[in-house]
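A.B. asks: Copying in the features that Swiss-Prot gives for the protein in this structure:
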- 164-758: region 'Glutamate--tRNA ligase' (REGION)
- 296-315: region 'Disordered' (REGION)
- Lys300: N6-acetyllysine (MOD_RES)
- Lys300: N6-malonyllysine (MOD_RES)
- Thr355: phosphothreonine (MOD_RES)
- Lys417: N6-acetyllysine (MOD_RES)
- Lys637: N6-acetyllysine (MOD_RES)
- 708-741: region 'Disordered' (REGION)
- Ser746: phosphoserine (MOD_RES)
- Lys787: N6-acetyllysine (MOD_RES)
- 794-823: region 'Disordered' (REGION)
- 821-877: domain 'WHEP-TRS 2' (DOMAIN)
- 868-903: region 'Disordered' (REGION)
- 877-890: compositional bias 'Low complexity' (COMPBIAS)
- Ser885: phosphoserine (MOD_RES)
- 952-1015: region 'Disordered' (REGION)
- Ser998: phosphoserine (MOD_RES)
- Ser999: phosphoserine (MOD_RES)
- Thr1120, Ser1121, Glu1122, Arg1151, His1241: L-proline binding site (BINDING)
- Arg1151: omega-N-methylarginine (MOD_RES)
- Ser1349: phosphoserine (MOD_RES)
Amino acid sequence: MAALCLTVNAGDPPLDALLAVEHVKGDVSVSVEEGKENLLRVSEDVVFTDINSILRYLARVATTSGLYGTNLMEHTEIDHWLEFSATKLSSCAALTSALTELNHCLSLRTYLVGNSLTLADLCVWATLKGNAAWQEQLEQNKTLVHVKRWFGFLEAQQAFRSVGTKWDVSENKARVVPDKKQDVGKFVELPGAEMGKVTVRFPPEASGYLHIGHAKAALLNQHYQVNFKGKLIMRFDDTNPEKEKEDFEKVILEDVAMLHIKPDQFTYTSDHFETIMKYAEKLIQEGKAYVDDTPAEQMKAEREQRAESKHRQNSVEKNLQMWEEMKKGSPFGQSCCLRAKIDMSSNNGCMRDPTLYRCKIQPHPRTGNKYNVYPTYDFACPIVDSIEGVTHALRTTEYHDRDEQFYWIIEALGIRKPYIWEYSRLNLNNTVLSKRKLTWFVNEGLVDGWDDPRFPTVRGVLRRGMTVEGLKQFIAAQGSSRSVVNMEWDKIWAFNKKVIDPVAPRYVALLKKEVVPVNVPEAQEEMKEVARHPKNPDVGLKPVWYSPKVFIEGADAETFSEGEMVTFINWGNINITKIHKNADGKITSLDAKLNLENKDYKKTTKITWLAETTHALPIPAICVTYEHLITKPVLGKDEDFKQYVNKDSKHEELMLGDPCLKDLKKGDIIQLQRRGFFICDQPYEPVSPYSCKEAPCILIYIPDGHTKEMPTSGSKEKTKAEPLKKETSSAPKEGPVPAVSPCAASEESSVLYNRVAAQGDVVRELKAKKAAKEDVDAAVKQLLALKAEYKQKTGQEYKPGNPPSAAAQSASTKSLPSAGEDRSLYDKIAAQGEVVRKLKAEKAPKAKVTEAVECLLSLKAEYKEKTGKEYVPGQPPASQKSQPSPASKAEPAGPETTEAKALFDRVACQGEVVRKLKAEKASKDQVDPAVQELLQLKAQYKSLTGIEYKPVSATGSEDKDKKKKEKENKSEKQNKPQKQNDGPGKDSSKSQGGGLSSSGAGEGQGPKKQTRLGLEAKKEENLAEWYSQVITKSEMIEYYDVSGCYILRPWSYSIWESIKDFFDTEIKKLGVENCYFPIFVSQAALEKEKSHIEDFAPEVAWVTRSGKTELAEPIAIRPTSETVMYPAYAKWVQSHRDLPIRLNQWCNVVRWEFKHPQPFLRTREFLWQEGHSAFATFEEAADEVMQILELYARVYEELLAIPVVRGRKTEKEKFAGGDYTTTVEAFISASGRAIQGATSHHLGQNFSKMCEIVFEDPKTPGEKQFAFQCSWGLTTRTIGVMIMVHGDNMGLVLPPRVACVQVVVIPCGITNALSEEDREALMAKCNEYRKRLLGVNIRVRVDLRDNYSPGWKFNHWELKGVPVRLEVGPRDMKSCQFVAVRRDTGEKLTIAEKEAESKLQEILEDIQLNLFTRASEDLKTHMVVSNTLEDFQKVLDSGKIAQIPFCGEIDCEDWIKKTTARDQDVEPGAPSMGAKSLCIPFTPLCELQPGAMCVCGKNPAKFYTLFGRSY
């Protein structure tokens, strides 16, 4: 049976029908949607509008539910109660008697009819639920006892509770229609719109399937239809018989129905052909149109040259004569067209005599051969809109130039004028929307059809799992915004996830090819019911089977180790007791033991699984994943899309699915745990008697908008990747060092080595820029080819930092080939493991992953064959150093005999046991025996081999680490020899990444935490990644789980406090006072000043609920406070004596931007100060604007050491609702982009007129005068600018005046040889320095941590940007001196102890000045004058900003921005952009010459204006 659709009026929902749906949903598929009326749609032809009819129909189609009783008598009783609830119980006058009757009938009954729930109960309960009088009695406990019992009994049931909560219709609770909830942040109303009188239209051309761009248009029109309780006309634009096809009309109607859009009227443009023709003849007779036979190409050229046609001045009679030829369709008539006579000299090309009618002799699908002339869309549209009563015509901004033509036609014909409302077209990356291009994909067989999930058609995206509700929420979030931007599909899918995540049931599926059995002997074969959704009990329960044998993912099994405790989801903790592998090292099965009493799931691996049981066999399933059809995000205008077609965009995986998958229906959306969301494209079919085969369940992956990798099977392996990388990178240094002949490496090898290194840089750069996959793959392929060539020529693997040596080897080297070969093979396995992990992490195609895994397994098998041991990560084969002298060969360098090797392995294994026990924080009773056994094994090893046991990873690194340690202590010049087991050994273990101490495993050291302290990206190479690392590693920012919101850590907040202290002090000197206004703004207040809030409209965040209760009216979270503060000003100002009012507040604001968030620079919540003043005169306000602007400049220049350009914003860029805006602009040379530092606005009287801030002017008694206002603001963006300008490749560089810590004191030279007395004296000296510096107001911190070396501390505080590092050691104390290291230059200064205070103060001031000077020089070299557009474009592309002659016109500025836009990103991850105006500098670089023209070449220049790319 086809799915039913219940439409519900949210203002008056039929609770009884909704309850019926809840009770029959197990038998019948019924979808519920919101609309303007209550009805049940059974098919296109059958619709029920009467509630009782709906109830009876639902009950009769779901016979097993028993809602309509079990016999004729019960049917009759139910009919009685249906009538009773609709009449007596709904009447105020008869309510008392009706309740008495109901109470009597329920005195001995649980249900009204029979012994089970029926329609009678649903209907009567729903009526009482919506009855205010009954609800009042219930609250006052005045209800009749049996009715109350019965009502409460039903209300407690899940279905009643669910419906009653979601569709609360109690009159004492105001509801908000859910459509309004979708309008989050979009309150732009239609001009002139009146409730109930709005008519909108959706006019598609019947020439193809609707795509997502059409869906936006349709849903926007529906939004205004519903919001204004108006009318939506669905009109087919069939003005072109060549394109119009009847088949597509049916297709489009189906697409509209899929979107749950219900038009009030269906029309065709062809319905009005006669009327349109009469209007055309009217224009001819009035001399406003003429017939032209100019060939098309010539006409196009004339329009471009603004040349009039030879027929433009024809007489009316001549035009009518030619018009008749057109109507006949004669050969001459076919060469003609009817043109409007408007203005051939217009700057708007659409006004240069556009075509109104053309001659086409093809038959029309609806009118046949009746007409030979057909109107153009541009002529027919305004006429039909007027005739059909359209009040508001919604059109995309690409039609903007045609709006003038639209209104000309309306005025020329003297007909009613609709209002055009513009919105932005939906542009999506990696997508083509052209019907011609989409048809090519279908014809080429690259897709399955027009409903292919890769297609942007309505049916395509719905088939891929997009929900109509998700699409509506996305469209509503965009609203009627006019900003034209290219959006990622991720945005849409993220909205969709919000809809499906709370309701999608959770199931399990395992990759069939890689499942591994797990034997759990003590498990019982049984079934339990668990929640389908862990957070939503309404989704219901599902059966989960348990058995002694279960299956898990092979990728998960690879991550396990024996003895590990693993959490099996929906079962509990299980211990892995044994891992069985085949000869190739592949895991074949696992043995496990239940540990269900252990409920600690915090540190365990969580995996999915399926039981082997005959009661519930796994269901075969195919998971299909789709990629973009187009590989390039944005295609250029002239680019051929066929060059960027992704020929491998569909991938399938065969899965073993949850037995519950057999019940899925087509279109059901589920989540496969740890894999993602899927939609059922084809339900499972059991074995067919015809084919003797079962049909698998086909599931299509639904993207969910995430950009970070999801946790998947084997995800634990990713956590191992990092240590493995370190092992492989350090491994070459531990292997045998071949003896090198005196001659240098050959020139050819060196050249090849350099080519490999250069190509490696190319690959890294492409990945950093997130280049197209095919570009990266090509570069990687070339890199691998070069590496293979290098190995062939040199006989060695390419290793970064290890250039080729000569091939000559001594005889002693050749005598030991096996150790080197083993090590080389070990390194190959490690590298191939990295390849496999990377492919899995990137979700590469299955074929690629399989090929890489097979290669890995063959390498492991080869390694085992050669060494006789399994490959173990972190345990490379023992190696011997190749020495030229025979004497050196005799020295033992590791285990040599079979017995020694076996003992070596036992020590290593026992070391692992000890480390694991300590990592798991096992009890001392367990750890001590393990350590004792380890020590005994080490003693045995020493007695057998004569040498101490040393882990392989520590070999050969002592010399290097000794140098490293000496370097760390160089301020003390500590060059004493150190014992083997002292510092160097310990550092060695860190550097190798193995977590082992130099003395072996388990000797009191335990596993050491590995940290990647320094920056791994360079500012000049990958600015975005560098910035991200700086703010996190320097402890400025902590990321938060709400996108666009960040935690300001003390290190960054202290900078804001410094700015706040300075600025607060200065504004108070001016007479400004601090205050605080609420964060919440009413909708009415926010909408008062349209021009002001228009820019903020898309960014406003709304509060719509309190708990689960919808608010009567949504409340905005302030994007700015003008509309909050100024009504209060109006109350406080009564006369001129109440002025001026000068208030400031330090607070947070929320602007829910859709752009890519960037900490400090573009965030959804940020801190700021906002000042708002009101004055009696214009001049007073103007003075304050400049005073505040100068304070902002001082914040940047005196505190942050950043030079700024002071100036005034252009008309386009000024503050919405203000008279003019002044600004300070900073420049970031690393990106070649400017950034707005702070603004100070003169608001004139705009807001005072809106909010009635008036006073009586003493000069003109009796007259009211509006106040003059200004506002000004500075945000935490300042911190981001400071980081970008001063930071370097070592981290932050903090200007001393805002640094949280200006000097950090670090003790050096603490070694084992240092006595306790000297150590304490050194600590005391450090604290003494701290006390002395605090005494002269220097912010200082002493780092006395004993678990970090001095070198580590140096790096740490350099990364955090501390201006000065003070190093002091025992020798410094004896010499009464210390070493000061400057962060800005790295310069080291030796300073006498007695001069500490004075010298450090001087250094700090010098650092502040140096930073400012350096940044000023940077700005000076990057800000130039350009007098032509060509020169300006070159300047922009070289990463500079320029002052150009400019006319100040908004259209001109838009043109400059469009002209200077470029295809390539300004920086990785940043959107492409054109230049925008930054400010009109108060002090330009040069004076404007008289007669100078704007760079556009059209208008005289008014001033030099600073333009550039900007954040």
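Each residue, glycine too, has its Cβ placed from N, Cα and C.
Keep in mind that this is a model prediction, so the values were computed, not measured.
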A.B. asks: Please work out which residue of Lys300, Lys417, Lys637, Lys787, His1241 has the most C-beta neighbours within 10 angstroms of its C-beta, and give that one of the recorded positions.
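C.D. replies: Of the recorded positions Lys300, Lys417, Lys637, Lys787, His1241, the most buried by Cβ count within 10 Å is His1241.
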A.B. asks: Provide, as an integer number of angstrom, the distance between the C-alpha atoms of Glu1122 (L-proline binding site) and Lys787 (N6-acetyllysine).
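C.D. replies: With distance taken Cα to Cα, Lys787 (N6-acetyllysine) is 64 Å from Glu1122 (L-proline binding site).
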A.B. asks: Calculate the per-residue pLDDT averaged over the region 'Glutamate--tRNA ligase' (164-758) and state the result as an integer.
C.D. replies: 84
A.B. asks: If you measure Lys417 (N6-acetyllysine) to Lys787 (N6-acetyllysine) at Cα, how many Å is it?
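C.D. replies: So the alpha carbons of Lys417 (N6-acetyllysine) and Lys787 (N6-acetyllysine) sit roughly 72 Å from each other.
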A.B. asks: Hey, of the modified residues listed (Thr355, Ser1349), which one tops the CB count within 10 A?
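C.D. replies: Most Cβ neighbours within 10 Å: Ser1349.
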A.B. asks: Restricting the comparison to the modified residues Lys300, Thr355, Lys637, Lys787, Ser1349, which residue's C-alpha is spatially nearest the C-alpha of Arg1151 (L-proline binding site)?
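C.D. replies: Closest candidate to Arg1151 (L-proline binding site), judged by Cα separation, is Lys637.
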A.B. asks: Largest pairwise Cα distance, Å, within the listed L-proline binders Thr1120, Ser1121, Glu1122, Arg1151, His1241?
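C.D. replies: Overall maximum Cα spacing for these binding residues reaches 20 Å.
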A.B. asks: Could you tell me the C-alpha distance between Lys637 (N6-acetyllysine) and Lys300 (N6-acetyllysine) in angstrom, no decimals?
C.D. replies: 20
A.B. asks: Could you give the Cα-Cα distance between Thr1120 (L-proline binding site) and Thr355 (phosphothreonine), in whole Å?
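C.D. replies: One finds 48 Å between the Cα atoms of these residues.
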A.B. asks: Tell me the residue counts in helix, strand and coil for the region 'Disordered' (296-315), as DSSP assigns them.
C.D. replies: 10 helix, 0 strand, 10 coil
A.B. asks: Could you give the Cα-Cα distance between Ser1349 (phosphoserine) and Ser1121 (L-proline binding site), in whole Å?
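C.D. replies: So the alpha carbons of Ser1349 (phosphoserine) and Ser1121 (L-proline binding site) sit roughly 51 Å from each other.
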A.B. asks: What is the interatomic distance between the Cα atoms of Thr355 (phosphothreonine) and His1241 (L-proline binding site), given in whole Å?
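C.D. replies: Answer for this pair: 47 Å between alpha carbons.
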A.B. asks: For Ser1121 (L-proline binding site) and Lys787 (N6-acetyllysine), determine the Cα separation and express it in whole Å.
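C.D. replies: Cα to Cα, Ser1121 (L-proline binding site) and Lys787 (N6-acetyllysine) are separated by 62 Å.
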A.B. asks: Run through the Cβ atoms and count how many others sit within 10 Å of the one on Glu1122 (L-proline binding site).
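C.D. replies: Excluding its own Cβ, the number within 10 Å is 30.
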A.B. asks: What does DSSP say about Glu1122 (L-proline binding site): helix, strand or coil?
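C.D. replies: Going by the DSSP assignment, Glu1122 (L-proline binding site) falls within a helical segment, counted as helix.
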A.B. asks: Give the helix, strand or coil assignment DSSP yields for Arg1151 (L-proline binding site).
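C.D. replies: DSSP assigns Arg1151 (L-proline binding site) to coil.
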A.B. asks: Among all the protein chains here, how many other CB atoms are within 10 A of the CB of Ser1121 (L-proline binding site)?
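C.D. replies: Result for Ser1121 (L-proline binding site): 21 other Cβ atoms within 10 Å.
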A.B. asks: What whole-number Å value do you get for the CA-CA distance of Lys300 (N6-acetyllysine) and His1241 (L-proline binding site)?
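C.D. replies: Distance between the two Cα atoms comes out at 47 Å.
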A.B. asks: Give the three-state DSSP assignment (helix, strand or coil) for Lys637 (N6-acetyllysine).
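C.D. replies: Going by the DSSP assignment, Lys637 (N6-acetyllysine) belongs to neither helix nor strand, so it counts as coil.
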